[in-house]
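Below is one structure, written out as structure tokens; comments come after it.
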Amino acid sequence: MRLLGSLILTLSLIASAFSSSVPLTLCMSGRAQGTESLNKSGSCEYGAYNGPTGPGTLTATLNEYFYSSGVKCGDCFEVSGPKGKTVVRVVNFCSAGTCPSERPLFMLTPDAFQEISSDPLSVVYDAGFRKVSCDASGPIKAQVSEDSSKYYVKLLIFNNEVGIQSVTIKGKDMSAPVTMVRQGSAQFVWSQAGKEMMFPATVVVSSQYGGSVTMTMNSLSMDILKFSGNFVAPKSSIIKNAPASCSLSASPLAIYQNGLTEGWNYWSSRSYSQINTTDSSSHSVGSTKSLSLVLMGSSSALTLARSGDFETTYFTGIKFNMKANTTMSGLRVYFPNEQNKYWTPSSPITTSWATYTVPFTSLQHKTIESAFTFANTENINVHINIDNIHFIASPSSVTTGYANGNETANSGLATTTVASGGSGASGVATSSHTGVSSSSSTASSTASSTASSIASSTASSSASSTSVSSTTAGGKTTSGGSGISTSGITGSGDSMAASTSKTTSNPTGKTTGMTGSSIDHSESHSSDEHHSSSSIIKASLLLVSAALAFASL
């Protein structure tokens with residue numbers, strides 16, 4: 001019985017190994033949301049989900065920006081959200097006039113989206129994703145299109161395990177194979193003026209990672225045709241030490257910058273009035289607008305929530321500028337589900353603008369959170385203005401699960417830490433400040449991606465004030481980006497990829513310490529931070545790497 005049990009376990013492990021998807025790129029940043037399943041053909045022309053050529057219900061619609069004129073039809077991607085991960089096959093695209101096209105967008109069917117998010121109506125703005133092999137069963141298949149003729153042969157090719165590089169056809173009377181043309185879908189066409197296709201014809205489909213399969217066509221019958229096999233997914237030398245899955249990608253640093261940035265809302269706030277998210281009547285130096293509202297009594301609070309949640313391990317805290325119409329002694333900042341451990345400033349909020357830093361070590365939190373709260377605990381109505389709300393990037397953010405410093409030379413992977421920059425969208429480097437100077441100076445740095453970069457959003461960090469309140473203890477602290485990993489990948493499909501996967505920076509999990517009391521009253525002043533020329537060069541190289549990585553997908 002013990003031998004039988006061991007045999008069953010071994011067979012199970014083998015089956016699991018063969019059924020799991022193989023990572024083909026590093027982790028990157030995108031956006032994911034739910035959509036309805038197609039009941040008829042999408043732009044890839046696979047037909048109904050439950051039809052003979054259908055791809056099933058775990059599928060994705062891409063935005064036009066990422067669809068690449070049909071090149072990604074049939075490719076599989078692992079998409080990660082706050083709940084978990086799913087693997088989907090690309091079957092459709094959404095035009096630029098209908099869907100956002102600044103960065104990769106995955107519109108997932110209900111069966112797929114419920115695997116990454118508990119809220120079917122949410123948008124996961126910081127989804128992680130990577131290209132993987134598909135869990136295809138059986139050989140690659142094809143079907144002749146009904147509008148084909150002996151002068152015009154159109155084939156739908158499906159059930160491929162990895163991406164298709166090319167398709168050729170050689171008729172009975174041809175001296176050499178002819179490349180079929182992709183029709184912005186999973187369909188490929190042969191047509192030559194005045195020439196007929198003579199049967200039998202040989203069709204060869206080549207993989208993006210090397211290797212090919214063949215099939216012989218004897219007629220234009222619309223029966224399902226089977227190739228000689230399926231592509232073999234690369235099992236090694238693609239992504240070394242790949243993590244089990246991608247985590248949520250790093251949120252952009254800016255939460256409020258002259259308005260709430262994309263993905264943030266205040267809808268969970270309570271007991272407030274007169275809210276204005278773009279109040280131009282009062283703002284700190286360097287800004288043009290602030291978020292203003294009246295907090296009404298001791299149970300009132302401003303809660304800022306991010307759709308699709310955010311991962312705290314990329315950051316060490318938040319910072320913001322704030323003032324009130326009267327002295328306010330009862331401000332508390334905390335994560336909504338962890339109210340018993342909070343941060344409060346060492347001195348009351350006054351009628352003058354001041355900058356505050358809240359280290360996450362002062363708060364009890366999980367790896368993934370959805371919001372944070374600014375609460376009023378006094379039995380008064382107080383009008384507050386708040387602006388320049390930013391995450392503070394970890395000073396030592398390094399991606400995990402990829403090559404470390406000792407492996408880089410041999411693996412073709414590079415893991416980079418930017419000591420003086422923070423992590424913006426998709427790992428693009430930007431600067432972060434933990435405080436402001438005591439004068440009315442402004443320090444800011446912005447890194448924005450190019451049109452071919454992974455992310456379109458701009459992560460910016462600024463700090464300005466005429467007075468300084470509670471900031472992180474220990475003086476000026478520089479913040480680091482999550483880094484970009486690039487990979488030299490064998491084959492023509494994916495040569496490089498940028499990583500925005502989970503970081504090893506603290507804090508991780510829940511912190512311990514004082515509860516139910518004012519925490520971290522330490523203060524320090526910091527002067528404006530200046531990038532060295534080497535840091536600027538590193539940031540520039542990161543931007544170039546990110547652009548090349550995404551363009552190669």
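Every residue gets a Cβ built from N, Cα and C, even glycine.
Candidates considered were C134, C246; Swiss-Prot assigns the disulfide partner of C76 as C134. For C73, the disulfide partner named by Swiss-Prot from the candidate list C44, C94, C99 is C44. A Cα-Cα distance of 43 Å separates C76 (disulfide bond) from N276 (N-linked glycosylation site). DSSP assigns C44 (disulfide bond) to coil in the three-state reduction, placing it in neither a helix nor a strand. C73 (disulfide bond) and N276 (N-linked glycosylation site) are 44 Å apart (CA-CA, integer value). Here C73 (disulfide bond) is positioned 12 angstrom away from C134 (disulfide bond), judged by their C-alpha atoms.
Cα separation, N325 (N-linked glycosylation site) to C73 (disulfide bond), rounded: 57 Å. Annotation for C73 (disulfide bond): same-chain Cβ neighbours under 8 Å, separated by at least 6 residues, are S43, C44, V90, V91, S185, A186.
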